[in-house]
Amino acid sequence: MDLLEMPLPHFFEKSLGKDEDEWPTEARFLVAAYYGNVRRLKEIARRLDRSGGNKGADATLAAITYRGMNALHAAVGGLGRLHACRYLVDTLGMDVNMWDTSPRKKTPLEHAVAGGNLPAVRFLLDHGADLHQECEEGATVVHRAAMTGKSEILKLLLSRGAEVDGKSEQGTPLCLAALKGHESTVEVNMVVPSCLATPLDAAVFAASKHCVKLLIQAGANVNDVNNNSLARAASEGLTEIVKCLLEAGADPNRPDECGIIPIELAAVYGTREDVLLLYPLTSPIPDVADWSVDGIINHAKLEHMQLMDDDAVKKRKSDLKQQGDEAFEKQDYANASVLYTKALRADPLDRKMLANRSRCWLRLGDAEKAVKDAIKCKNSHEGWAEAHHRHGEALMMLKEYEKACEALTRGLELDPENDEMDKLFCLPAHLTEHAAAAGASLPSSSSQAPASDGERRPSATADESRIQMLLGEVFRAGACIARVSRHASQIQAVRFFSVTSAPVSRLAKRQSLAISSLRRSYSLNQPRLIAMAAALANGDSTNGLQRNYQVVVAATRDMGIGKDGVLPWRLPRDLKFFKELTLTTADPAKKNAVIMGRKTWESIPLKARPLPGRLNVILTRSGSFDFATAENVVICGSMNSALELLASTPYCLSIEKVFLIGGGQILRDSLNGPACEAIHLTDIQSNIECDTFIPPVDFSVFQPWCSSFPVVESNIRHSFVTYVRVRKSVLESHDSIGKESTENVIKSSKFEIENFSFLPKMIFERHEEYYYLNLVEDIIRRGAQKGDRTGTGTLSKFGCQMRFNLRKSFPLLTTKRVFWRGVLEELLWFISGSTNAKVLQEKGIHIWDGNASREYLDSVGLANREEGDLGPVYGFQWRHFGAEYTDMHADYTGKGFDQLMDVIDKIKNNPDDRRIIMSAWNPSDLKKMALPPCHMFAQFYVENGELSCQMYQRSADMGLGVPFNIASYSLLTCMIAQVCGLSPGDFIHVIGDAHVYRTHVRALEEQIQKLPKPFPILKINPSKKDIDSFEASDFKLDGYNPHKKIEMEMAI
């Protein structure tokens, strides 16, 4: 929020600091005027008079200004208390028409209108305020009232002779009211004639059906030559408004400024229902071969995709965006929003313009529209912090504090260093100042004796009722902000409670309103925060909060961590990993903390302790423990006290992440503790004797995030694995694998923790899904433009590789939902050797329908082939390579060469063979296939009891095909490994032509904005040892909790 848009006390807090005692006296004076505290005004004036020449307190008071504002500006723009206004104008004679000298240049009347203070407006008008005075943009108070939808104030202004037709740079008052969707203000304005065509377009822009009807009833021209309201409504998907305009005679064949008629705009940007409405009234377009609803939609979308690449359209979009930016800089927010809207027609998902338009709505005071734009931005770019920033700011304005905190927390997870978002948690802080100041005006409890038990309490005065409501608002905001995990936000919430404790207590004593009941009335159950507030009020820095932590440990497969009090291995790679992990911070001004027991501290070589660049927290109950005079060392008696210390000042502000590094007993107590966010484990895979052990990782709450490929150093094989907490509580074990799970995914494995940006950046970016996401982004940004057999067009790169580790998890992408059952059933279908697409269709799998249809088979010269018969494709080549293909019904048992069984035989009996290969590419059969194989060649490799696979794919559809292909060949590798008595190793995916279809670009841009989640864990029925014996019920995924499905159409 712009500082100048804030309430005056909050503005001063932001610009001068929170300590009011440090403010200039003049600033404190204006805040007193804001709250209408005449007694306080006179006190300050007397002090200034004594120090400034004895010219009289009243004269001093009338002359005080600060930052261009005087007491009258502050009073009418604040609570608008009439006794303060009367004192300033009637007693002191202050000018009711004096502009302030701030950048906005407002009169007292404009301040009162902006604050919605009807009594103050009436008072100023009665005392000679000029309602025709213009600001620099030519706007009057009538424009201000119209913009903010203050219809009662507007009625008063019009009754006093205000002009409704006067134009500012932003338009007529009626246009501005319609633009904002303020129906009551439109009705007020319609008593005076005005130019209605532009307001109609503005009302459509505001999506206000009621305004549109009112304007049409008043005679608005629905076919105005300068404004195509029907085109705008169709492009925004405003079905009810489209109906209104058509009923009023709007011409459906009139194009917009770009030459596009409404039905085309509806087909691209609107809804199918809009197309259905316009279809019978629109003349056929010669270029559209199929003049039907579906034909129009398909044609318009194709035309739009081609238009997006047109240089002229790109330039127009760029020009409109630039004009919108310029208008925004000039604070002409209404015109900026219109310009951004026009530019968004060319690119409806442009995140920057959506965010900018959301900011425009906020400046115009329309938080609801700001929320809508922010949601659009967030839905298409979920991983962009700015989208959540805009959403949170708009929700704060709507006083939806809980949702606002959720949005801002998500934004700060994506961009932890964003100070602007952090400050938004303090936006409701002005409520505390209202409450504190208003509460101070109540008589003290000593001035009124409390009523006895049988005596009736006095009823609440109007002021007391208002203060009670205000305090309730404070508690509601504080309760929501208190739930935010960020320590600074919780401290802000505590301050909300503590600042208002005095007025609450005073009000409670006067009206027998217990603080607890007041808090309960606003659904606040925060006993810990109430205690914290009391502690804060008493100057106690102990706040009861605890920091979360991450464990760093090296352990053997049976979780051995030491022998005779020392590490039984020395691994330079492990030491380097430990140092980089615990030393690196995102904020160079902060450092990390490492928590350790006394014995772990003593095991560190003397010259290396304390660990440099980190706060060393030593846990010991020994009062005699001597850490000499070492810097960056603190002593705590327990893990809980250490975590509380790190959550308190100054550590809550200076420590970025907390790592627990040992020793044995502390790890046994804390490894799977509820405050443990992640476990960074150096997995020692060699047999090493240990005498100190820790518990295994609890896989009911933790799941692998990333795992490095194994390395051997000092003859010790090891890898680096990170596990993240995905649930807050332990789940019951679900080890059974059976048919009762139709999707083969455990229902109860849904994550309770959805975002994992608490991980250090170096760990977060090791998630293997980034191989895929980075490749997709690279192709979209730098790929070569190429044609293809489908005529769709692609962006392409040649010679790409991805590598996935199958040892700890299974690479089923999480940034969108992948059709796991389809992957599984298709692979089993391949293994069976079937070429009949109807086998999959009967199981509800339709991924081959397009290539098996009658129309498609005819188009590729296979007219004699039965529908559903794909020819000698993958499964046939795997199991019957070289056999003569007749049709999908023939029995090929014993015919051709069974490559799959040959691969299994070589792995079992000759694992070092360099010819363990399976190929689907048979040149002599290519013309018989409905589709030549894309994933065409696989080679298998055995090492250290692990099976790895490298697959070559000549052509890869990155949007639809590759997520399937990764999962399919990873699954095949796991199945063959089990059949051969091995463990899964790596899957290496090599791609020739890696391409993105132009029709998939938007969907993929949405996908690459999303943040990965942990890959699931694959479980296979261990009793199955024959490759042909597997059924779908033999497989189960644990912990597959992806983002939602993203629709993409297959190019055929």
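From the backbone N, Cα and C atoms, a Cβ is placed for every residue, glycine too.
As recorded in TrEMBL, the features of this protein are as follows:
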REPEAT    104-136  repeat 'ANK'
REPEAT    137-169  repeat 'ANK'
REPEAT    198-227  repeat 'ANK'
REPEAT    225-257  repeat 'ANK'
REPEAT    385-418  repeat 'TPR'
REGION    437-462  region 'Disordered'
COMPBIAS  437-452  compositional bias 'Low complexity'
COMPBIAS  453-462  compositional bias 'Basic and acidic residues'
DOMAIN    548-725  domain 'DHFR'
ACT_SITE  CYS934  active site
Fill in the blank from the handout: Secondary structure of the repeat 'ANK' (225-257) by DSSP, residue by residue, totals 16 helix, 0 strand, 17 coil
Completion exercise
CYS934 (active site), DSSP three-state class -> coil
Practice task
Could you put numbers on the helix, strand and coil content of the repeat 'ANK' (104-136), residue by residue per DSSP?
Solution key: 16 helix, 0 strand, 17 coil
Problem - Residues in the repeat 'TPR' (385-418) grouped by DSSP into helix, strand and remaining coil - result: 27 helix, 0 strand, 7 coil
Completion exercise
Averaged over the repeat 'ANK' (104-136), the pLDDT of the predicted model comes to 79
